[in-house]
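Undergrad: Annotated transmembrane segment per TrEMBL: C:6-25, C:61-80, C:133-155, C:176-194, C:249-268, C:280-300, C:375-394, C:415-434, C:475-501, C:522-544, in sequence order.
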Amino acid sequence: MSTVDVHSGRSTSDGPATPGGPHGPRRTTGRAGGLLDPATLARSLPAALAKLDPRHMVRNPVMFVVEVGSVVTTVLAVVDPSVFAWVIAVWLWITAIFANLAEAVAESRGKAQADSLRRARTDVTARLLVDDTAGERAVPGTELTVGDRVVCEAGDTIPGDGEVVEGVASVDESAITGESAPVIREAGGDRSAVTGGTRVLSDRIVVRITTRPGETFLDKMIGLVEGASRQKTPNEIALNILLAGLTIVFLLTIAALQPMAVYSHARQSVIVLCALLVCLIPTTIGALLSAIGIAGMDRLVQRNVLALSGRAVEAAGDVSTLLLDKTGTITMGARQASEFVPVGGCDPERLASAAQLASLADETPEGRSVVVYAKERYGLRGREVTDAHFVPFSAETRMSGVDLPDGTQVRKGAAAAVMHWVRQGGGEVPDGTSAAVDAVSGTGGTPLLVATRPAGGTAEVQGVIHLKDVVKEGMADRFGELRRMGIRTVMITGDNPLTAAAIAEEAGVDDYLAEAKPEDKLALIRKEQEGGHLVAMTGDGTNDAPALAQADVGVAMNTGTMAAKEAGNMVDLDSNPTKLIEIVEIGKQLLITRGALTTFSVANDVAKYFAIIPAMFASVFPGLDRLNVMQLHSSTSAIASAVIFNAIIIVLLVPLAMRGVKYRARSAASLLRRNVLIYGLGGIVVPFVGIKLIDLLVSHIPGLG
Amino acid sequence: MTIVRTGWIRQHVAALRILVVLTVILGLGYPVATWAVGQVLFRNHAQGSPVESDGRVVGSRLIGQNFTGAAWFHPRASLAGAKGYAAGGDGADGSGGSNLGPSNPELVKAIRARRAAVARENGVAPTQVPPDAVTASASGLDPDISPEYAAIQVNRVAKARNVPAADVRRLVERYTYGRQLGVLGDPHVNVLELNLAVAKLG
Amino acid sequence: MNPTLAAVLSVGLLVAALVVVHRPLGSYLARVYSGTTHLRVERLLYRLSGVDGDGEQRWPAYLRSVLAFSAVSVLLLYGLQRVQHWLPLSLGRQNVAPDMSWNTAASFVTNTNWQSYSGEQVMGHLVQMAGLAVQNFVSAAVGLAVAVALIRGLARSRTDRLGNFWVDLTRGSLRVLLPLAFVAAVVLVGFGAVQNFTHGFDAHTVQGATQHIPGGPVASQESIKELGTNGGGFYNANSAHPFENPTSFTNLFEVFLILLIPFSLPYAFGRMVGDRRQGYAVVAAMAVICLGAVVASGVVEAHHPGAAPTAAGASMEGKETRFGVLASSLFSVGTTMTSTGAVDSWHDSYTALGGGVTLFDMHLGEVTPGGVGSGLYGALVLAVLAVFLAGLMVGRTPEYLGKRIGAREMKLVGLYILVMPATVLVFTGIAVVTKMGTSSILNPGPHGLSEILYAYTSAANNNGSAFGGLSANTMFYNVTTGLSVLIGRFVPIVFVLALAGSLAKQQKVPASAGTMPTHTPLFTVLFVGVILIVAGLTFLPALALGPLAEGLA
């Protein structure tokens with residue numbers, strides 16, 4: 001194990017401002033409570049009415065049937081007007097409009113975001129570099145082609161997606177990420193990607209354009225949040241098939257009912273049959289299905305994640321293996337002092353003091369952590385040492401330290417280097433030293449040896465600083481949660497197996513891949529997938545791209561390279577790797593919401609039958625009035641109440657569809673129990689109450705009572 | 001030999017061949033084997049449970065036959081179509097029931113008529129007439145009546161034959177079969193056996 | 001003993017017997033269909049028929065074999081009836097009329113065994129045993145084969161092979177049905193069922209009349225008729241005929257035979273998919289619904305509401321004395337819950353609600369436990385639907401036994417579920433408003449509607465029992481019920497085998513805490529809910545105008 005790279009830990013400073021918290025900054029906060037506010041509904045109403053276009057409606061078979069029913073009943077109401085006919089016709093229209101309203105409300109939320117993104121795309125003039133003369137020419141951003149090189153200086157808006165090929169600059173990406181702190185973009189390496197619409201704050205860079213205008217990341221984002229490029233996801237398609245199937249069954253049921261009614265001398269009016277049909281087909285879920293999908297994507301956007309396909313969001317719910325990079329995701333990214341181990345009979349206080357002295361000038365996170373640890377654990381205040389000579393770390397000496405004005409030298413560094421220094425200074429390395437160093441290494445920590453040499457004296461080993469990868473707070477709990485959700489976590493690290501095992505144990509991950517090279521990651525993903533698992537991972541580097549592409553859910557960090565972003569199917573604008581866990585939850589929530597509302601919708605039919613069947617036939621077969629368990633006022637009020645309930649429940653459930661059914665990290669069995677109880681049993685009971693209440697109201701309407 | 005990729009015709013030819021072979025095994029071999037075992041173990045049953053009286057086959061223990069007149073226990077109504085013995089047929093070649101529905105006025109009428117007739121015939125109150133006496137059986141060949149129906153016929157039969165009612169009642173008890181295994185079905189009286197025994201009383 | 005207590009105990013006896021045998025029989029079934037070695041007689045049979053017993057088939061090939069075998073079966077059975085007069089053992093009976101032959105052939109090949117003929121008047125012994133009884137065996141074996149193919153689809157992964165239909169058919173016939181049927185037939189003879197090849201005998205009755213007592217290979221046909229959930233009676237009176245069902249013991253025994261394979265197959269399913277609890281969850285749902293219907297039927301029949309039963313003092317019209325009301329009602333539920341269609345009493349004469357129970361039993365789609373094989377594959381399709389609905393509620397793409405339920409699977413499930421209601425509702429709708437349909441009705445009012453609804457429900461579900469008052473031997477009914485049985489049998493099989501093929505291809509998703517468990521009581525409850533709601537919502541309006549209108553009056 002190398003103990004050298006104390007100072008070369010990978011910096012994560014270009015990550016988000018809150019690396020510790022699992023929740024990144026939110027662009028917007030959930031406003032689910034305000035979803036039903038009249039202003040929102042009124043704003044969406046024109047869009048909802050426009051969606052009554054049959055060409056739009058036909059894509060949703062359930063609601064298309066409702067619209068056809070509305071037309072038929074309206075015609076009949078015109079031909080043979082009655083209060084009942086008009087009530088039914090109007091409420092069938094309202095049912096169709098409510099469904100469109102749900103979709104329109106969901107879309108309007110995306111539109112607001114799209115508008116703010118569009119502002120960043122305002123016409124940009126690009127400064128195109130002309131190869132031969134090295135001069136530049138101003139061209140509209142929309143005329144750039146792939147391979148063009150453009151110059152951007154402080155104040156310029158980058159005209160398109162590309163790669164920095166020259167220079168380094170700080171860039172304001174707030175238009176996309178909503179994060180105001182500037183980020184560094186430089187030629188070469190993993191921080192070379194720039195996004196069109198972002199602004200250069202300082203310095204000068206040359207950008208090679210990699211994406212055609214109109215297909216840039218910003219364009220894609222706008223399309224996504226607007227829902228313009230929304231395609232039906234596999235599960236949505238499957239559910240649609242089921243809903244279409246149920247609709248056909250009920251169409252048949254109603255179609256066959258009339259001949260049977262005729263046989264029974266109880267011929268029904270077409271209006272009543274239309275009402276029954278609309279009540280039976282799964283309008284609740286049919287109306288809300290697309291809103292649920294849009295809202296699911298929207299919830300991701302609110303967490304600053306862009307899913308490039310709805311399929312990925314669904315897959316997130318199915319993920320059973322999560323690959324997490326150790327650094328920055330599981331651990332803080334920098335090692336921290338966690339213990340001082342004196343050797344050779346050294347007094348711990350003295351060791352602490354020496355360690356702190358040696359680190360005073362060490363501005364690395366590790367160095368600072370030694371100062372802090374000495375202060376917190378041993379009460380040693382940071383001392384202001386004047387006239388001291390600080391010895392910086394160098395690759396040759398592999399040590400750093402301080403030479404005090406009194407001539408005392410303090411050093412800390414790699415064990416071998418410090419031992420060498422001690423021997424050179426005439427000192428001896430006590431017997432226990434190697435053992436203490438190995439003990440620290442053995443637990444996955446990084447040992448730093450501390451030694452002092454008084455002026456003119458012999459050098460003396462004081463002890464070992466135990467630097468440790470610190471696991472972020474609460475990680476073990478989160479992994480426990482994931483385990484209960486049936487998700488296995490695998491930690492990916494470049495560390496040796498020993499270190500990896502120790503951290504894996506502490507963090508509570510299920511498995512780890514040590515000394516991982518990018519191709520190992522890819523192989524691991526393939527292996528998991530062959531076993532039937534769905535794999536999610538995050539990545540940012542170009543060498544992550546193949547693995548990101550292979551993973552079922554590949555979340556690229558926005559700070560990452562273009563290659564990574566193109567390979568993945570989601571981009572996290574906050575570049576917070578922990579967010580994978582939230583993404584999984586959102587995916588699950590999306591599916592749960594669909595399932596819950598489908599169950600609710602189908603369960604509702606029971607009560608509607610009890611309302612409508614007696615209403616239709618009790619006049620001919622009085623015995624059937626025993627099915628009128630709700631004691632509805634009259635046959636017309638019963639049918640109208642069922643239809644009205646059917647329409648109103650759609651609007652009442654819009655907030656649930658938008659917000660999603662509350663998800664808790666629990667086992668599938670306990671989730672199922674809870675949701676079946678609420679949406680299955682609830683779906684049976686609620687309409688009995690609702691229809692009865694509506695009946696109490698509408699029975700006062702003259703002509704219905 | 002492989003059928004997996006052969007054409008349409010070959011597939012049907014193979015299907016026909018396998019069906020013919022299975023027909024030989026299942027359609028000929030199996031019933032013959034069952035018959036052979038039946039002949040050895042349960043010869044009488046396999047033949048149709050014939051009942052002999054005075055060296056003459058008088059019927060099958062399992063197949064109801066019509067009895068009329070005061071001196072005999074009467075079976076249930078048989079409505080096995082044209083062959084039902086209510087229609088003057090012998091029943092056995094045309095099993096079946098009335099198929100009249102529970103709210104069919106025709107059935108209600110028939111039940112009332114039977115109730116009145118049975119009550120009159122046996123000199124009991126109409127309320128004493130048990131359900132099986134006023135309904136038609138499923139097979140039209142029901143060999144049994146309920147012990148209750150037998151009970152209300154005892155006095156009539158005894159009187160007609162001029163024998164003590166107690167003797168007849170004892171015979172009824174003898175030919176009353178309880179529930180099989182103590183719980184299966186309903187207790188019932190085999191009419192043919194009872195009538196043959198009654199005939200011997202004189 | 002109190003009749004209710006006796007009935008409860010006899011149901012207990014039945015349940016106990018099924019509990020005892022379902023494991024050994026289920027294990028045996030699993031072994032039969034998983035084994036790789038052929039019996040000598042089977043090898044001979046394959047050689048004689050020219051089929052390869054070792055190759056496995058993809059689902060389209062499996063399906064083509066099912067259809068080819070069934071098509072040939074229909075033709076052969078049709079032909080046999082049309083020429084029976086010239087065959088041995090015909091008892092001199094005439095060739096069967098074309099429309100009746102067609103109807104009977106379609107009906108027996110599809111395991112429906114709807115009978116528009118009266119056995120003792122129309123069919124000779126040879127047609128009965130070499131035609132009808134053979135189809136009793138092989139149509140059940142086809143059902144088993146399709147069920148096993150679906151199980152393989154669930155159990156296997158990353159393959160396009162579902163097994164070999166010819167092998168499955170042969171094993172089902174020879175290793176499963178034949179030995180069981182033989183033992184059962186001997187038991188039936190032991191209790192009085194007839195088994196001979198004669199015309200019967202003439203008896204000289206006590207009162208001097210001549211009574212013809214019929215003969216025939218009855219016991220051998222009776223046992224496979226129940227065991228294969230076929231239901232086509234040797235005689236017109238079916239299992240009410242004392243020669244088919246001589247005592248109350250044989251009555252319970254026949255119900256046991258009816259339920260034997262359908263209730264054992266889920267155990268085989270559990271074994272074949274490597275998790276017996278999965279089988280128990282399925283069988284529990286079947287048992288709950290089935291027992292519920294037994295209780296419901298028993299209660300209404302015992303209380304005998306309705307004009308005629310009230311006038312008679314009991315619901316005894318169309319019931320045999322030796323069975324009584326409750327044993328008959330048990331049989332009626334057993335037969336309608338299993339697509340058997342044998343009857344020991346006339347459902348048409350049941351109380352309106354008791355008859356309604358038999359009708360609703362079939363509306364459930366014959367999956368609780370359903371016919372031999374067909375019950376399980378139907379139940380598994382509905383399980384997939386239950387999984388889809390409930391599975392979403394745990395936040396994953398729904399999966400059953402590790403197989404994801406995607407668009408293709410849902411399409412097949414949706415189509416499967418559509419077939420039966422579509423067939424029943426369309427034909428019923430036509431029949432109730434046409435003279436051809438209504439002129440066959442025997443009973444007036446809502447009951448007439450029930451008769452027609454029952455006919456098509458029975459046909460499309462391959463049950464075969466009838467509200468016998470309907471004169472079904474007309475051109476109209478022979479043709480439409482014949483079409484219904486074919487649609488109701490083979491169209492779903494197409495979807496089931498396609499589903500099996502689609503499932504077999506998938507890699508299994510390993511189970512984890514995030515997987516919706518399908519072996520728990522909660523799943524059973526859900527499964528029951530889905531079965532009841534799907535059927536209930538589809539048929540409630542029709543039931544309201546039939547049995548409910550009559551029964552609640």
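Residue numbers in this text run from 1 along the chain shown.
Each residue, glycine too, has its Cβ placed from N, Cα and C.
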Undergrad: Need a quick answer: max count of Cβ pairs under 8 Å to the transmembrane segment (C:61-80), which of C:6-25, C:133-155, C:249-268, C:280-300 is it?
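TA: Stretch with maximum Cβ contacts: C:133-155.
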Undergrad: With a cut-off of 8 Å between Cβ atoms, can you find at least three pairs linking the transmembrane segment (C:415-434) to the transmembrane segment (C:6-25)? Only pairs 6 or more residues apart in sequence count.
TA: no
Undergrad: Count the CB pairs under 8 A between the transmembrane segment (C:375-394) and each of C:133-155, C:249-268, C:280-300, C:475-501, C:522-544, then give me the winner.
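TA: Between the candidates C:133-155, C:249-268, C:280-300, C:475-501, C:522-544, the best contact partner of the transmembrane segment (C:375-394) is C:522-544.
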Undergrad: Which sequence-distant residues neighbour the transmembrane segment (C:176-194)? Criterion: at least 6 residues beyond either end, Cβ under 8 Å.
TA: 28-29, 32, 137, 140-141, 144, 214-216, 218-220, 222-224, 226-228, 242-247, 249-250, 253, 257, 260-261
Undergrad: So are the transmembrane segment (C:280-300) and the transmembrane segment (C:522-544) touching or not, going by 3+ C-beta pairs under 8 A with a sequence gap of 6 or more?
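TA: Between the transmembrane segment (C:280-300) and the transmembrane segment (C:522-544), contact is present.
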Undergrad: Are there residues at least six beyond either end of the transmembrane segment (C:475-501) with Cβ under 8 Å to its Cβ atoms? List them, or say none.
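TA: Distant Cβ neighbours of the transmembrane segment (C:475-501) are 58-60, 62-63, 66-67, 70, 99-100, 102-103, 106-107, 110-112, 114, 116, 146, 149-150, 152-154, 160, 162, 374, 377-378, 381, 384, 409, 412-413, 415-416, 419-420, 423-424, 427, 430-431, 434, 436-437, 440, 455-456, 459-462.
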Undergrad: Cβ under 8 Å to the transmembrane segment (C:133-155), counting only same-chain residues 6 or more beyond its ends: which ones?
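TA: Residues 29, 33, 59, 62, 66, 69-70, 73, 77, 108-111, 113, 162-163, 165, 168-170, 172-173, 176-178, 181, 217, 220-221, 224-225, 227-230, 232, 261, 265, 268-269, 272-274, 371-374, 376-377, 380, 400-401, 403, 493, 496-497, 499-504.
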